[in-house]
Amino acid sequence: MRTEYCGQLNLSHVGQQVTLCGWVNRRRDLGSLIFIDMRDREGIVQVFFDPDRADAFSLASELRNEFCIQITGTVRARDEKNVNRDMATGEVEVFATELTIINRAEPLPLDSNQVNSEEARLKYRYLDLRRPEMAQRLKTRAKITSFVRRFMDDHGFLDIETPMLTKATPEGARDYLVPSRVHKGKFYALPQSPQLFKQLLMMSGFDRYYQIVKCFRDEDLRADRQPEFTQIDVETSFMTAPQVREVMEKLIRQLWLDVKGVDLGEFPVMTFAEAERRYGSDKPDLRNPMELVDVADLLKSVEFAVFAGPANDPKGRVAALRVPGGAQLSRKQIDDYGNFVKIYGAKGLAYIKVNERAKGLDGINSPVAKFLNAEIVEAILERTGAQDGDMIFFGADHKKVVADALGALRLKLGKDLSLTDEAKWAPLWVIDFPMFEDDGEGGLSAMHHPFTAPKDMTAEELKAAPEDAVANAYDMVINGYEVGGGSVRIHRGEMQQTVFGILGINEHEQREKFGFLLDALKFGTPPHAGLAFGLDRLTMLLTGTDNIRDVIAFPKTTAAACLMTEAPSFANPTALAELGIEVVKKASPENK
């Protein structure tokens with residue numbers, strides 16, 4: 001039906017007769033001529049109709065936005081004064097001699113001339129996806145997956161599918177359950193990841209596996225989360241953590257070159273402890289120059305319990321955050337930031353405004369200055385590198401509260417004061433995570449997942465001091481986003497059972513939930529390691545959007561609903577009966 005795409009026409013096509021198919025993006029009737037911008041997935045080209053071609057001109061007068069049409073015409077070069085530098089096809093136009101209206105469009109529920117609500121965009125997603133910027137994002141996503149497949153094939157990885165209907169295993173979030181008709185009362189689970197299957201593939205001898213795979217998690221959604229998402233899933237045998245990182249870093253560096261024409265350079269490597277200490281985050285945005293600086297040793301003897309308490313507590317921390325140019329902040333802005341850090345458990349936000357450092361106490365403005373002598377103030381200014389016009393904010397509390405609060409404040413200030421270099425790319429690896437964390441109920445939970453191996457520990461040593469264990473895990477972070485994470489896996493049964501025991505999973509439960517894995521570990525399991533990238537998040541970064549729904553063709557809302565298809569929906573009672581399921585309605589208060 002077509003000979004060319006609209007968006008690919010250029011001066012090399014001048015004089016050629018072409019047939020185009022697409023949609024009317026805009027129509028302009030000048031009386032003697034009718035112009036339309038015609039759009040397809042590759043872009044937009046200007047088409048015009050002349051009264052001398054009476055049939056085509058008459059039909060063109062009926063055109064409205066989003067009519068689906070076919071035109072045949074001749075490509076012409078535009079006069080220099082009419083060249084549109086803002087269009088890829090702006091040097092040419094098409095003189096249409098034939099027009100076919102393939103399908104008319106009713107008045108549109110979306111207005112291309114204004115910002116539509118996200119609810120409307122999701123309800124009429126098929127119209128929203130016609131917008132060039134949305135089409136471009138999905139084309140970029142397709143380019144990413146195509147590149148990944150070529151790279152993995154070239155590096156000896158096998159694309160192997162794993163089951164979508166599997167067994168529920170504890171991986172941190174709730175499972176989506178699928179009832180079995182054949183085995184009434186039993187349920188499959190949709191996979192939160194192919195984690196155990198890819199480990200079993202290594203035990204099967206496949207050595208290098210990858211898969212671009214859907215995963216499912218029934219969890220409370222955030223703006224950057226979806227109930228179903230896509231991973232680039234990778235697993236290898238007989239490779240160390242540094243070797244896995246080397247191959248995966250090569251993949252991402254070459255991907256950025258291919259898609260963006262940008263060389264990310266060699267990725268720095270930072271431990272979890274250093275990232276938390278310097279940036280208050282295990283996924284630091286290195287485009288932001290601000291760092292947290294420990295000052296507890298300077299404040300142990302001050303007569304100010306807010307500082308002295310955490311400074312003398314082994315579990316406490318006092319840290320300072322220097323904000324270049326921050327002295328310009330108003331009292332209201334400071335109060336707003338004080339309320340902001342309370343979200344993360346902080347009780348407030350002490351500060352020092354540095355007006356003229358050379359004047360000592362007389363050159364600063366601070367509500368806590370009365371508790372500090374000139375020597376302490378100068379030591380703080382020296383350690384933080386403060387200059388005239390800077391602001392220093394303080395966090396004083398439990399270590400985690402200080403890291404979370406000042407880490408979040410650092411990001412917010414970086415954005416609010418334009419301190420973060422938005423034009424920069426800042427990748428890194430974060431390694432050496434704690435293996436376990438407090439579960440809030442007196443026990444421990446796995447910081448990553450229960451199949452991650454500890455670093456340089458025997459099973460006996462791990463059992464004796466699990467709180468000291470460092471996971472042989474690694475996360476790839478770009479511009480403050482965790483784009484991928486992985487680890488060396490446990491490949492010995494004794495170690496796996498020890499980890500399960502530390503997590504409070506007794507032997508009976510281990511056999512019930514993971515018997516197949518424990519059995520497989522008895523038969524010559526190779527050392528193996530892997531990683532998974534979030535395809536959605538990679539696409540967000542490479543397309544410059546901060547909304548994950550912009551890079552998924554048919555996403556869900558934050559309430560895990562599809563406004564277009566109205567999923568989820570009530571099931572047919574007959575289908576439920578076949579599954580042995582009865583919907584129990586909540587009793588009203590008066591009937592209780």
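From the backbone N, Cα and C atoms, a Cβ is placed for every residue, glycine too.
For the ATP site, Swiss-Prot records ARG217, ASP218, GLU219, GLN226, GLY534, LEU535, ASP536, ARG537, and the single candidate of GLU161, GLU291, GLU467, GLU482 listed with them is GLU482. Residue ranges 195-198, 327-330, 411-414, 487-490 are listed, and Swiss-Prot annotates 195-198 among them as region 'Aspartate'. For the binding-site residues GLU219, GLU482, the largest tally of other C-beta atoms within 10 A is found at GLU482. Secondary structure at LEU535 (ATP binding site), taken from DSSP and collapsed to helix, strand or coil, is helix.
Under DSSP, residues within the region 'Aspartate' (195-198) fall into helix, strand and coil as 4 helix, 0 strand, 0 coil. Long-range Cβ neighbours of ARG537 (ATP binding site) (same chain, at least 6 residues apart, Cβ-Cβ under 8 Å): ASP224, TYR481, GLU482, VAL483, ILE548. The shortest Cα-Cα distance between LEU535 (ATP binding site) and any of the binding-site residues ARG217, HIS448, ARG489 is the one to ARG217. Every protein chain shown contributes to the tally, and the Cβ of LEU535 (ATP binding site) ends up with 23 other Cβ atoms within 10 Å.
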